[in-house]
Amino acid sequence: MAAPKSCVLWSYCGRGWSRAMRGGQLLGLRSSWSGAPLNARLLSQEKRATETHFGFETVPEEEKGGKVYQVFESVAKKYDVMNDMMSLGIHRVWKDLLLWKMRPLPGTQLLDVAGGTGDIAFRFLNYVQSHHQNKQKRQLRAQQNLSWEEIAKKYQNEEDSLGGSRVVVCDINKEMLKVGKQKALAQGYRAGLAWVLGDAEELPFDDDKFDIYTIAFGIRNVTHIDQALQEAHRVLKPGGRFLCLEFSQVNNPLISRLYDLYSFQVIPVLGEVIAGDWKSYQYLVESIRRFPSQEEFKEMIEDARFHKVTYESLTSGIVAIHSGFKL
């Protein structure tokens, strides 16, 4: 899914200084630089702090957001088709498992970040609508003395088929949101669904607003993962849940070799043939390899003040679902 650009200058400066200073003291001044002039040491530190990765390429932080935006702007129209081709359709099972782990209750308010084309949002709506309808049927079956007219009237008076549940899809890429809205109209999704243009590192929502925050195949594309996790924590209500579905580290050596071969030799070719875009899919493959391992990402989530953080590896670790709670 499309991922956020780097934050505005103010936000970046705030994070940059917070990394460089602690208790009024500049950090990182010991090492081989100990005898170098102060200005030289500061310039070197600033350079390291402002560089990040774009796939295997090292780029200035302020450039990564734009580069990622261009990738997803380019692939938006073929994004769903390419997902099916690249994963042989298995991504659908992974997303179903994410909903199974979520198990939203009636009235759940979900924020799906980097949710562009709506895959998680539509699954959520299907789930809550199905469970609400089943609950309604059980209630009617329990009232055997109702007449046919009374039963029909109860169905007709049911204004909210979702039981108060709502989902907001937030994505920074206009083209991805455009594709998602078109899919929603074509598939009949209207109620309980909103689309918001927004940055995962600076979400346009109030504190303590959502019950569940999801991000599927998006967080590896943000410039500052730690900032995105902090924003997830901020917008969740106390007791709210963070769920992330993301590519991870394969734990079987044989499968890892085959996976690398497929990723680097096949996926970019599919990108060129189907979407006419080799470079974007080369980046996506490389970005997967740069993402932290399951344990490392778990620690990052805990650093963002989430509790009871766990993860489950799927398909030999090709992807993992991480879960945490705001307590």
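A Cβ is built for glycine as well, from the same backbone N, Cα and C atoms used for every other residue.
Now, the feature entries from TrEMBL:
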BINDING   Thr117, Asp171, Asp199, Ala200  S-adenosyl-L-methionine binding site
Number of other Cβ atoms within 10 Å of the Cβ of Asp171 (S-adenosyl-L-methionine binding site) across all protein chains: 30
Which of Thr117, Ala200, the listed binding-site residues, has fewest other Cβ atoms within 10 Å: Thr117
Cβ packing number for Asp199 (S-adenosyl-L-methionine binding site), 10 Å threshold: 24
